[in-house]
Amino acid sequence: MESTFSSPAEAALQREAGVPGQFTPPEDLDRVYELERVTRFICDLGCQRVALQFPDQLLGDAGAVAARLEEVTGSKMFILGDTAYGSCCVDVLGAEQAGAQALVHFGPACLSPPASLLPITFVLGRRPVALELCAKAFEAQNPDPTALVVLLSEPACAHALEPLATLLRPKYQDLLISSPALPLPVGSLSSQPESLERFGRRFPLNPGRSLEEYGAFYVGASQASSDPNLDPDLSRLLLGWTPGRPFFSCCPDTGQTQDQGAKAGRLRARRLYLVERARDARVVGLLVGTLGVAQHLEALAHLRKLTEAAGKRSYVLALGKPTPAKLANFPEMDVFVLLACPLGALTLQPSGGFFRPILTPCELEAACNPAWPPPGLAPHLTHYAELLPGSPFHVPLPPPESELWDTPDVSLISGELRPPPPWKSSDDTKCSALTPRPQLELAESSPAASFLSSRSWQGLEPRLGQTPVKEAVQGRRGIAIAYEDEGSS
């Protein structure tokens, strides 16, 4: 049945969901998915049940990969797809529900520390890279052989950084090569104990050097992309990189480069705008965007403490993957804060399709903590773990008697003066003897009550005792699209 207000019932069966899947030729499965290394990982652990996690675009190969691994290892494989949150995070909950003893993650990964001690290995992929073209592009953008530059890449191009560095090292002696911060095998020691770990990567810095001194050359961004928004991995790097240092991206297929300085400036400007929106907000929705990343419960408690200290009301919402339709059910919220891994938190920005802006935890920290940022710290963090106690970037809330809470604050959006937190008493104890007793006109100020009073429809009227009592009668039968008492059209 089809009408002006509904689609035909057959449309739900004919609709193609998700993105087109990838089908790799059988002879290339071993190379693309590194099955030899995965087999060695499973056999060394002696696992009998293994979970294989695939993103949507790789589910077409999931069956063939699982069958090949079962044949070689003799272990039982479980395919994990359609994760409740971002596919870049390991689905440790799904693996534990399947009784898996280990997990293999295929595809792009944020490499955030998991909340479980389950053995995990990552297969990031091996995207082809034109080394000669990328080397020429690097030399064109860095004519000074003494320049401090670090080589970065998207996860699928990480395998090409060492060969690229081999071509460049005869000329560039101070070249720094990053590597994915993959978990080390159980019982092994890192060969680079002094390496700095940041942005999901390891940087083997020389003594006396800091990452803030280096420019960046990123292999992986493509100028042929039709999406005007930056991918989350590159956005994460641009936000956290030192302002003023050169940052170039290079397409691994063509070797074409692009200066990302202007895009980094737009990202930081958008972050400042979101901070202002968070400062103006009275009701904040905390969206749970991960259950598999370490310290997510501590981060949730930290965000609730922040909003309470700033005099804001917060609500925790566990909705799975956020969509405009889901969040539209909560019009009381002024802003939403997505508690997720760095890539998941940046995936929804810019949040043009949502009726309220979606922030990252770092933006809420900058809005609610008057002591943020401390001198010498750039406020462009991307991971919520960097805000928690124990992190070198943690900034505790100032005490209630601190003058930071009394600093005049004017909204850059509305131009109005923001009031201090409600718990901050404005009464002067020296003049309390002359203060008249209040008449209790306002018992309590509630953002929810203010929002309800401003709505044109406030719900059904109870009208207790005013409605006549009637006997129950049989109602309509059927579904909303076609009740039984309606004729077919």
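The backbone N, Cα and C atoms fix where each Cβ goes, and this holds for glycine too.
Source: prediction; values computed, not measured.
Annotation comment: Swiss-Prot describes M1 as N-acetylmethionine, evidence class similarity to another entry.
According to Swiss-Prot, the feature phosphoserine maps to S7 (among others), an assignment based on similarity to another entry.
Cβ neighbour count for C110 ([4Fe-4S] cluster binding site) (all protein chains, 10 Å cutoff from its Cβ): 24. The [4Fe-4S] cluster binding site feature in Swiss-Prot is assigned to C89, C110, C341; the stated evidence is similarity to another entry.
Annotated phosphothreonine per Swiss-Prot: T435 (among others), in sequence order, evidence recorded as similarity to another entry.
Per Swiss-Prot, the feature phosphoserine maps to S446 (among others); the stated evidence is similarity to another entry.
Look at S456 (phosphoserine): DSSP puts it in coil. In the shown protein chains, 4 other C-beta atoms lie within 10 A of the C-beta of S456 (phosphoserine). For S456 (among others), the entry in Swiss-Prot reads phosphoserine, with the evidence type similarity to another entry.
The phosphothreonine feature in Swiss-Prot is assigned to T467 (among others). Counting only same-chain residues six or more apart in sequence, none has a Cβ lying under 8 angstroms from the Cβ of T467 (phosphothreonine).
Look at Swiss-Prot and you will find S488 (among others) tagged as phosphoserine.
The most densely surrounded of the binding-site residues C89, C341, judged by C-beta neighbours within 10 angstroms, is C341. Distance between Cα atoms for C89 ([4Fe-4S] cluster binding site) and S456 (phosphoserine): 42 Å, as a whole number. DSSP assigns T467 (phosphothreonine) to coil in the three-state reduction, outside any helix or strand.
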